Amino acid sequence: MIKQRTLKRIVQATGVGLHTGKKVTLTMRPAPANTGVIYRRTDLNPPVDFPADAKSVRDTMLCTCLVNEDDVRISTVEHLNAALAGLGIDNIVIEVDAPEIPIMDGSAAPFVFLLLDAGIEELRTAKKFIRIKETVRVEDGDKWAEMRPYNGFKLDFTIDFNHPAIDASTQRYKLDFSAESFMSQISRARTFGFMRDIEYLQSKGLCLGGSFDCAIVVDDYRVLNDDGLRFEDEFVRHKMLDAIGDLFMCGYNIIGEFTAFKSGHALNNKLLQAVLAKESAWEFVTFEDEAKMPVAFKAPSTVFA
């Protein structure tokens, strides 16, 4: 039987909030089977929980935010959510003493490191997957995103940036998903932004934690970071990282093929909600026989070592 996963122990780290620029303490705790992914703000009294849920995603301008019925929000969850998807973690409580998850280095890699450091525990309950049965597509102008049936998890993402630092040959990336491919090819790709946009936002009291330490920063001509890019096509790889985190907002790994052109947080979430709203397009599945599970979701030896 393919089992649900959680952490073996509590793990904690500190970082800086992208929006506030203030120190954030992040604590990740093991959780029982069928808990799901719970984000919790402990800076509020009483603490407020935000279960990962596609319908709770309401603000996607600069990041992915979860917003509850009282309009209380928690921001910048997408990179940590991508790390959870990458390692197939089903049950976890994530606490922060701030209104946002720390940005760390702008990628998912620090979260992957923390989760592996905590260790991953298999529970005695079957892991549920969402299997795509019908093609679902959403559009917004010339942007689009699509999910179709596939026995695994495959992603094909294309961006369209007219910028000297982003060569035309590096604007499309394809991935046959697995924990190994996510960790090696996707998790280290950082978020990116224009220096002029960061300066403007900071003048308005926003993006106060934005810096060269947590993003690829470009001007009109080049990448400004001293250490350059981690991958030649780091920009599109990061957009794929965002999509993996956005699609895992349902709390389940998806068995299907995701294809997108110029998609972002809002369109990724629109696709996820469109899939879930069409009952004939998907089904829950479990695997009693490991041999029948798509290889995409087999845990690498490093996860349970």
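Residue 1 is the first one shown; counting continues down the chain.
Just so you know, glycine gets a Cβ as well, placed from its N, Cα and C.
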Out of His79, His163, which does Swiss-Prot tie to the same Zn(2+) site as His238, Asp242? His79
With an 8 Å cut-off on Cβ-Cβ distance and a minimum sequence separation of at least 6, pull the same-chain contacts of His238 (Zn(2+) binding site), or say none. Ser107, Ala189, Arg190, Thr191, Phe192, Ile216
Starting from the Cβ centroid of His79, His238, Asp242, the recorded Zn(2+) site, name every other residue in that chain with its Cβ within 8 Å, sequence order please. Glu78, Ala82, Gly106, Ser107, Ala108, Ala189, Arg190, Thr191, Lys239, Met240, Leu241, Gly245
Would you mind pulling the DSSP three-state label for Asp242 (Zn(2+) binding site)? helix
Distance check, please: Cα of His265 (active site, proton donor) against Cα of Asp242 (Zn(2+) binding site), rounded to an integer number of angstrom. 7
Using a Cβ-Cβ cut-off under 8 angstroms and a sequence gap of six or more, which residues of the chain neighbour Asp242 (Zn(2+) binding site)? Thr64, Glu78, His79, Ala82, Thr191, Gly264, His265, Asn268
